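S.K.: Sharing the features that Swiss-Prot gives for it:
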- 1-33: transit peptide (TRANSIT)
- 34-214: region 'Anthranilate phosphoribosyltransferase homolog' (REGION)
- 215-401: domain 'Glutamine amidotransferase type-1' (DOMAIN)
- Cys290: active site, for GATase activity (ACT_SITE)
- 548-740: domain 'ATP-grasp 1' (DOMAIN)
- 1090-1281: domain 'ATP-grasp 2' (DOMAIN)
- 1352-1496: domain 'MGS-like' (DOMAIN)
- Thr1388, Thr1391, Trp1407, Asn1433, Asn1436, Asn1445: N-acetyl-L-glutamate binding site (BINDING)
Amino acid sequence: MTRILSVFKTAKTGVLNAAAHRYRGFSKAGVRLMSVKAQTANLVLEDGTKIKGYSFGHPASVAGEVIFNTGLGGYVEAVTDPSYHGQILTLTNPIIGNGGAPDTKARDAYGLMKYIESENIQASGLLVLDYSHEYSHWGAVKSLSEWLHEEKVPALCGIDTRMLAKKIRDNKGAVLGKIEFEGQPVEFIDPNKRNLIAEVSTKETKVFGKGNPVRIVAVDCGVKHNIIRQLVKRGAEVHLVPWNHDFSQMEYDGLLITSGPGNPELAKPLIQNLKKVFQSDRPEPIFGICKGNEIAALAAGGKTYRLPMANRGQNQPVMITLNGQAFITAQNHAYAVDNNSLPAGWKPLFVNINDQSNEGIMHETKPIFTSQFHPEANPGPVDTEFLFDVYMSLIKKGKGTTLTSVMPKPALQSKRIDVAKVLILGSGGLSIGQAGEFDYSGSQAVKAMKEENVKTVLMNPNIASVQTNEVGLKQADTVYFLPITPQFVTEVIKAEKTDGIILGMGGQTALNCGVELFKRGVLKEYGVRVLGTSVESIMFTEDRQLFSDKLNEIKEPIAPSFAVESVKDALEAADKIGYPVMIRSAYALGGLGSGLCPDKETLTDLATKALAMTNQILVERSVVGWKEIEYEVVRDAADNCVTVCNMENVDAMGVHTGDSIVVAPCQTLSNEECQMLRAVSIKVVRHLGIVGECNIQFALHPTSLEYVIIEVNARLSRSSALASKATGYPLAFIAAKIALGIPLPEIKNVVSGKTTACFEPSLDYMVTKIPRWDLDRFHGASGLIGSSMKSVGEVMAIGRTFEESFQKALRMCHPSVDGFTSNLPMNKAWSSDVNLRKEMAEPTSTRMYSMAKAIQSGISLDEINKLTAIDKWFLYKMQGILNMEKTLKGSRSESVPEETLRRAKQIGFSDRYIGKCLGLSETQTRELRLNKNVKPWVKQIDTLAAEYPAITNYLYLTYNGQEHDIKFDDHGMMVLGCGPYHIGSSVEFDWCAVSSIRTLRHVGKKTVVVNCNPETVSTDFDECDKLYFEELSQERIMDVFQLEQCDGCIISVGGQIPNNLAVPLYKNGVKIMGTSPMQIDRAEDRSIFSAVLDELQIAQAPWKAVNSLDDALQFTKTVGYPCLLRPSYVLSGSAMNVVYGEEELKTFLAEATRVSQEHPVVITKFIEGAREVEMDAVGKEGRVISHAISEHVEDAGVHSGDATLMIPTQSISQGAIEKVKIATKKIATAFAISGPFNVQFLVRGNDVLVIECNLRASRSFPFVSKTLGVDFIDVATKVMIGEKIDESSLPTLERPVIPADYVGIKAPMFSWPRLRGADPVLKCEMASTGEVACFGQNVYSAFLKAMISTGFKLPQKGILIGIQHSFRPHFLGTAQTLKDEGFKLYATEATADWLNANDITATPVAWPSQEGQSGPSSIYKLIKEGNIDMVINLPNNNTKYVRDNFAIRRTAVDTGTALLTNFQVVKMFAEAIKYSGDLDAKSLFHYRQFGGAKPS
């Protein structure tokens, strides 16, 4: 539906110029359409169905057969295909008209229509869901609406095209209908009773390519001009003759029977003429296309029949019977040849892999062949265009040439790979650029291997991942929590005797490790076969020079570039190319080490930093401002290729795709552009030898067909996960099957259960991905986004208009956001001197809000387009949203029209957003909406746009529909997922959600899952009974809960976002399982919780709830500094800070108040020198039935998410542990806990103080569960649903389970290299992006393995030490240990003096600010020369040389040098180096087998 449905429907007709002022940026045609009442008409079907639509074509009634096409593009070509003559065409692609219409009168050099497929529009009428009145494409000269008016063709939008497609499908593909305008009644007409071929065929002979050497007679059944073009450009002179012309006596070198509409049996003269040729001895080759296939079969004596479901789309898979090769084809036909009716001498040439229908025939001895599909495409894929070459070869080679002799031979034959045990490498801890998508892909790979009875060994230190579960039907046979390094992988290969390895499911980490194993000869030595893409092919894609060379071999363009290995060479390369240039690193992840360099100074800086991390960079011409387009390509070992999804970055080149807003499918590309890039994708992937799945990225010039290839990722990637969830096509699962040698046609499409995986999904919706950044956490870090990725997570929203999915996605990213508004997330205020033009030209994480503000400020769309290079089509849509906001704000709540309200919902407005515009609360808006019967519809993702029924329940909600796709009779248990990964909420909460879902299903409960994160396992549709890929908001949860009539809702396993919804959902009638939401509210509110602790006589630090700065100052005078500020209802320590003085107090209090506006901020005395202890537990009606106690390595002051955890505790006294248990017991009772919870304590000696309590699962639940061998979420879920539990084996407070012969260490994973300018020190506010865990026979070996797993490089030579004076009394022993272990010590001047004075030799180095002066060597030089390979820098609030110490830490990070900034970690590291012994490569199972976690 379109803008005209509501606001523009009710707008008064006025002077056009006045309207133009109101809708700045829109074309006059668009303004005219928006300024008058939209004309309506009805679509009436012969069964009596009547659907109202809105006219955007010629306002005249018409009747015909209603059919649907599932193609994702090419509406210009489609409507001019003569095969649609007499038909009312329904396009399931939901958004039509984006690219307008080209010059529809233009002709090419051959005299053929240049941009369309016949002289005029052939469809009798057009039906779409959403029509774009404002178009944007460099090749357009008018709108689709204007063209339809010119040709007097009616068209309606606002039609639920999915509903219509299902109706046509279920009626055996044949439905008569009419578009009927008021006062223009028409009767139903069945065009199939007419000879449609006669109606569209030429009335006279026409010649094209006159003078060409090969004479072809083409019998016109309704020819598409591209068929003629394909022949003429290959040297044919084409004589196009009428359908009933007797060609049997004509002279020709070849005969062609073209495509066309209708029932082939009505073309009797043509059939008779062709039969005469068949029965003669004429040797000339004959080719039939589409209708030509049916005519040929009838002339040969065969039969045709009407298909139960017509094949109309651009993704039909066919197989050639000669060699089994598969192709993706464009099709448009309702009739098919009956294979069983073919007479002797004839046989099928092509077969449809889905429905097994005939797709072409051939004569066994004569040069006659046909295709039911369209090899000329237009629209659609050009995979079978080679058939024109085959036809021309038959002609040119002459008599005696057989079809098999000229048909291309398949490049490869697929053979099942015989492996017994496969090693799958995971990606390790989550980091920026490498997040939860690899948990999803690895889990899928394990599932695929198990289906094929292949044993799996999984190696991944990411303890929080679902794939590293040790038990379950979907889990690997053996799991190793070890670093993904060549050393440890080699040990596992030796121990497990694996004969296969998969490198493509673990991101860059696994890929780089695999390449190194290959280079060292390890894989060859132990007979390990790389499954899927070979290492050689991986190296072609990762090494920038090799990649460039390979593309040059096939003459595919990349940006002019030079691979260099020094800064000097980089500067020389830039001089040759010309500034600006882009640099990219080899073997790097997420654009790390890349950047735009406008000048020599920037290039010198970026190249220096990049070459510190890698040995090669590429300096290339900048294509900033071009469109960035991605294709996901799957290729099997038999050379079958499909492109599963194309994606368009809303942000232009210059912003890393991981930091870009991305839509799928592409919205602003023509069919020509899409098919050009698709064909290139397949060509490149074949040339590189990819086997499995890969991603290819293009830069496409915004106003021409010029493109360059940016890169190829020969592995599963972030984009792969997005494409999988966007389409429903399980890429990782399919890639794993392909890696075993299974060809695509033999793999089932799990969504339909009937069709093959050798196809390309059709979408009748669109998705929008928006990244989630947490840059505000990193003081000093630049807010600019560019070619190096900075986002920590992402969301994906599904809708049937761009605006619907776009606004959904914005809200998914930040619960505080209403949609596309000028209000910043988290209630932030705009700077008083904000420069909107600069904000748009230099992208930041808040650019979308800047654009909204700019539009509202009157900056034109043309200027915004110039500043951002964002296509104007997206800008038109954004402006439409803001126009609706203006309309709503000008409306009265009691009189707002139903159509306006409905339209606002159709373009993605939330109840809360509408309420703010109308002056209503969210609840009042919901009541208003429901009273007007404005409700969402549930739709399925089925991969085939309703062409086949789906057997999975992968769902979303939309207001752009007219029926539900499913029934609501399960009444399942709802589980809320974690939403976008961000700092503090990562894969550990997905693990919790999945564990809960699996438990529910195990005990026989139906499950309804709601989540919006495409990187998660919980959003795998086969993990639950119903998956709603939807917002985690009060409005949407209530929609789903009420539709499904769920038995209850579990909110405690998804982290803080669902936890914050507990009270509002409860107050609106949602049954919350487990602990009461009112108790959750008491625990989340810092002041109430502290008061309860006082009542329970549980010790805590002195505290006070403060409502003003004066309150806070009064408290600090009483207890003294330092103090800790703690807002309520936050995750990962947001706005939590230790303050050491009044100025800090003022700054941090303002921040804490902003993020916690509805609850008081609590200030507590900060206890120094205390150790933090965590209690993870499960309560049952106030009783603790399962618990685990872990100890932090770091003292308090470091956020628990950034801390290094140890199980069992190492330094906590038994007396303190008992106090921890007593306090836990009291809290569980006081809050009547039923479900998971976490309590954090401070311990100093035997003194124990409570810090906080979370009445939900914590991020350490996966770690404690796997370490102890007890799934805490399984237990908690059973408690919450009232399932009976055997408590005898659980680690209760009375019977703790403590590992006896091993220790588990969980270590944080940081992404400092990406956050330029951020200070890599640990504070109260969490900064880590992921975590790992390893196990060892002692704490030291576990610690070192965990550190290595984070990417920490153990030093081999020298260590630089710089410590603040107060650390000296405790540090001397550590320094001595490091010296004794053989490290050469360097130190900043004061630290060096102190060490030397204490007989520990240390070489002094200059402060960064003193570099270049005479005296000690510079830090940078020592690091660059390899003398220093670890830095210990221990600052505190009294540090003198603040800038210099920061410079040292940043230098370490930017050069990839190991860095430690916490004293307790440094101490543990030194002891571990001394006492750890050899680092074994055992799995957790090995430790448990010979020792284990035992009841104490």
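Easy rule for this one: first residue shown is 1, then count along the chain.
The backbone N, Cα and C atoms fix where each Cβ goes, and this holds for glycine too.
For the listed features, I'd like the structural context: burial, neighbours, distances.
M.R.: In sequence order, Ser83, Thr258, Ser259, Gly260, Gln331, Asn332, His333, Ser371, Gln372, Phe373, His374 are the residues near Cys290 (active site, for GATase activity), counting only same-chain partners six or more apart with C-beta under 8 A.
On the 0 to 100 pLDDT scale, the model's mean across the domain 'ATP-grasp 1' (548-740) is 91.
All protein chains included, Trp1407 (N-acetyl-L-glutamate binding site) registers 19 other Cβ atoms within 10 Å of its own Cβ.
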S.K.: If I restrict to non-local contacts, at least six residues apart, and a C-beta distance under 8 angstroms, what lies near Thr1388 (N-acetyl-L-glutamate binding site) in its own chain?
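M.R.: Long-range Cβ contacts: Leu1360, Ile1361, Gly1362, Pro1404, Val1405, Trp1407, Tyr1441, Asp1444, Ile1448.
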S.K.: How far apart, in Å, are the two Cα atoms that lie farthest from each other among Thr1388, Thr1391, Trp1407, Asn1433, Asn1436, Asn1445, the residues recorded as binding N-acetyl-L-glutamate?
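M.R.: Max Cα-Cα spread across the N-acetyl-L-glutamate binders: 17 Å.
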S.K.: Where does Trp1407 (N-acetyl-L-glutamate binding site) sit in the DSSP three-state scheme?
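M.R.: Assignment for Trp1407 (N-acetyl-L-glutamate binding site) reads coil.
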S.K.: Go through Thr1391, Asn1433, Asn1436, our binding-site residues, and report the one whose Cβ sees the most other Cβ atoms within 10 Å.
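M.R.: Selected residue: Thr1391.
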S.K.: DSSP secondary structure for Asn1445 (N-acetyl-L-glutamate binding site), reduced to helix/strand/coil, please.
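M.R.: Assignment for Asn1445 (N-acetyl-L-glutamate binding site) reads helix.
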S.K.: DSSP helix, strand and coil counts for the domain 'MGS-like' (1352-1496)?
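M.R.: Result for the domain 'MGS-like' (1352-1496), in helix, strand, coil order: 67 helix, 29 strand, 49 coil.
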